[in-house]
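A quick write-up on the structure given underneath.
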There are 2 protein chains.
Amino acid sequence: MQFLTSPTEKKTLEISDLLDPQLLGEEVCVTGAIHTIRDMGTVAFVILRKREGLLQCVYEESAADFPIKELKEADTVKAYGTLAASEKAPGGIEIHLKRVTVLSRPAAPLPIPIAKAKMNISLETSLDLRPVSLRNIRERARFRIQEGIVRGFRDYLTEQGFTEIHTPKIGAKGAEGGANIFKLDYFHHPAVLAQSPQFYKQMMVGVFDRVFETAPVFRAEKHNTKRHLNEYTSLDFEMGYIDGFEDVMAMETGVLGRVMEILKRDYGRELSLLSITLPDVTRIPYVRFDEAKRLVSEKYNRPIRNPYDLEPEEEALIGRYFQEECGSDFVFVTHYPSKKRPFYAMDDPTDSTYTLSFDCLYKGMEITTGGQRIHDYNMLLEKIERRGMTTEGMEHYLMAFKYGLPPHGGLGIGLERFTMKLVGDDNVRRTTLFPRDMSRLEP
Amino acid sequence: MQFLTSPTEKKTLEISDLLDPQLLGEEVCVTGAIHTIRDMGTVAFVILRKREGLLQCVYEESAADFPIKELKEADTVKAYGTLAASEKAPGGIEIHLKRVTVLSRPAAPLPIPIAKAKMNISLETSLDLRPVSLRNIRERARFRIQEGIVRGFRDYLTEQGFTEIHTPKIGAKGAEGGANIFKLDYFHHPAVLAQSPQFYKQMMVGVFDRVFETAPVFRAEKHNTKRHLNEYTSLDFEMGYIDGFEDVMAMETGVLGRVMEILKRDYGRELSLLSITLPDVTRIPYVRFDEAKRLVSEKYNRPIRNPYDLEPEEEALIGRYFQEECGSDFVFVTHYPSKKRPFYAMDDPTDSTYTLSFDCLYKGMEITTGGQRIHDYNMLLEKIERRGMTTEGMEHYLMAFKYGLPPHGGLGIGLERFTMKLVGDDNVRRTTLFPRDMSRLEP
């Protein structure tokens, strides 16, 4: 009988392996895609693109058993050679090639110069050619940063006693109602795609107290802006037994701290490649919604047009204000008007025109919406009635309240938007692998 | 200016905190839902359900400042009292109550006896009452185990140099074609829900070499069996620069090892509650598809009816065979017939009626499908043509190959099905928080 075991020895080495000084002078084997070839006659520099970065290989006719002409850009190869120190090479190492096996060869030359630091192509072209444009090392670095954000989110919450959940994306009714819902036919029943895991994560507070989910959400919003997507990844959590919505903001502060820690520890290459300076998140200012409006209106001489919502320009000014006044890229804006928040938001008992809710702005843009929720069954029914809504289709959601839920609150973070602000992009499509907007369903 | 920082001191304690012997005799504060009250006159036992398990609180009229009648089952409370050792209590500790604040009270008595070890309700009732039935500590334990599986998957792959990706679930065309696709209207364009991240993860091999995703997939299959769902969580990975599909199976073996390690380390409570013995996965047997068919046909005296596919009963017998012959709950069945595998599967160069692919069976049921993929552009085009398929709608997928992809392979694990077999359930709906099947869209 034959058996498999887990992979033990590494057959080929990655860049981090090669940085071991003990390997200098040894013959090593590496794989990679040929990023560039600079042929200078008897010597050529063959740059391999590997998942951890670029690796310089040096070809000398006398040392190698193959002609350099056998290699083409975008070939994927397995290369054997001697590891050497080299001050000018990326990472201070290079490989003196002896032998190369070509593993695959493209069928056509690359349509865009992916080896250039800046490809100088439009966003549209970059998205149309996504399977190729993402091979550019700066393009792909964004998504390593994105990975770090998700890792920080999960890591911190797991440590804080949260349980990860997986809730359905197809359902009978949307969590927040409204028109912005994708509809589909589900075995001859009308169904919708989840706009958020809101109802489910609240139900799960009754089961695990603290839950989180990192999953796609779908919004049929007819926006075509630089910060909206019709499908995005939402980092959601919900926590029970809170004393107030400040507990939720404190938890987000903890999440952000862990995100920055993990990025600093494990994603130094990408931070440096994209020239990112990580923000300080040890303490984050908070301010009431109406107070924030007043502050920026006064400081920047701007009339308050809509007292119930923040316009994008106002959000930007609030971000600027707290950067200027206390050097923070982040600010929590609290106590949003009740009429702009969903029915399940807990109204402020001292003034029910406001809610115990918040947004987190990062560099002047909302990346999080959260708050305390109503947990009392009758209070929830009353609010639904007061809003002229129906409970139809909410029976299971209401069931959780009917049989008891603790005080709770939570939030949702838009992953792509957070990534966008962190890497300093100006369009959320740049930090989405394969974005979906009103006019883009492919690739 | 006011600031928030991450949560520092714990205001209320969890069971694992209370196990610290230094706290014995101290006054502590805990929160929880009242699971049961056993009132014996002047003494009562109030069992709190907390996320880590059950906690016994003892009420004595003389010591507490409230009458026991003030507490009701399913209340959520904040309780203060003295921590004491108690041999008979769960975890060997109990709290002698002094003061209790009721945080919330249900609007109606519970419809099912969630405090009983076995609720004796049908699966249908359990699913209809999901927000409540999941509060049963054995029901919810399944989903802690499920969390451990996902953590093991991500943890191991991250360590092995994989990058986590998030690919769109709405698209213009399904990855594997066929009729089993949910369709929707996307701003007046026809769109479908992703059956798998197959195309995207292959494209991303050209970017990061190794990628994984843990996300929902959607299959409009008209099955109504104990092992099919119409929406499930797929644990997918794809890896480049493989020497053969054995590398993919070895990686899965590593994943399974890490899963068991993490379950053993962090989920002991749940394993014990559900009486789960973790399987040994240090080595997993593998066998060719045709050989497996022959072995079970001979040993169990069963004629081979369909030489191209495994019937569920045959899978069960293969599972039994390898359990009996080498004590393994897992077995890789390799070299599935080409005609039963998707077009992108790499055919065996020594006999193209078979593929370099595999399924992983666990206790006689398929939980993983994987294999090596075609990486050469022209070979892929030829196979598409040979199958009489069209490349329409696959332009972006094919683009990745046209501009070069290394040899690669990967797999997908059905999370709910894996959980079902691990906890010993017989219906995949039991290990799905909110299952979706042909007749169930709610809750």
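Keep in mind that glycine also has a Cβ here, set from the backbone N, Cα and C atoms.
Around B:P90 (site 'Important for tRNA non-discrimination'), a 10 Å sphere centred on its CB holds 13 further CB atoms from the protein chains shown. For B:P90, the entry in TrEMBL reads site 'Important for tRNA non-discrimination'.
Summarising the annotation, TrEMBL assigns domain 'Aminoacyl-transfer RNA synthetases class-II family profile' to B:143-435.
Taking the Cβ of B:T369 (L-aspartate binding site) as reference, residues of its chain lying under 8 Å away and at least six apart in sequence are, in sequence order, B:S357, B:F358, B:D359, B:L411, B:G412. According to TrEMBL, the L-aspartate binding site annotation covers B:E176, B:R219, B:T369, B:R373.
Under the heading region 'Aspartate', TrEMBL lists B:198-201. According to DSSP, the region 'Aspartate' (B:198-201) comprises 4 helix, 0 strand, 0 coil.
For B:R219, B:A220, B:E221, B:R227, B:H228, B:L229, B:E366, B:G414, B:L415, B:E416, B:R417, the entry in TrEMBL reads ATP binding site. Long-range Cβ proximity for B:R417 (ATP binding site), meaning a same-chain Cβ under 8 A and a gap of 6 or more residues, is found for B:R227, B:Y232, B:M365, B:E366, B:I367, B:V428, B:T431.
For the region 'Aspartate' (B:198-201), the residues of the chain that approach it from at least six positions outside its boundaries are 165, 167-168, 175-176, 211-213, 236-238, 342, 344, 394, 396-397, 410, 412, judged by C-beta separation under 8 angstroms. Within the set of recorded positions B:P90, B:R219, B:R373, the entry lying nearest in space to B:L415 (ATP binding site) is B:R219 (CA atoms).
Note: B:R373 (L-aspartate binding site) has non-local neighbours B:Q202, B:Y344, B:A345, B:M346, B:H408, B:G409, B:G410, i.e. same-chain residues 6+ apart with C-beta under 8 A of its own C-beta.
When the binding-site residues B:R219, B:E221, B:H228 are compared by Cα distance to B:P90 (site 'Important for tRNA non-discrimination'), the shortest distance belongs to B:H228. The Cβ of B:E221 (ATP binding site) lies under 8 Å from the Cβ of B:N180, B:H228, B:N230, each of which sits 6+ residues away along the same chain. With an 8 Å limit on C-beta distances, the recorded positions from B:P90, B:E221, B:L415, B:R417 that reach chain A are B:L415. Summed and averaged per residue, pLDDT over the domain 'Aminoacyl-transfer RNA synthetases class-II family profile' (B:143-435) gives 96. Our reading of the ATP binding annotation (B:R219, B:A220, B:E221, B:R227, B:H228, B:L229, B:E366, B:G414, B:L415, B:E416, B:R417) yields a largest Cα to Cα distance of 19 angstrom. A coil conformation is recorded for B:R219 (L-aspartate binding site) in the three-state DSSP classification, outside any helix or strand.
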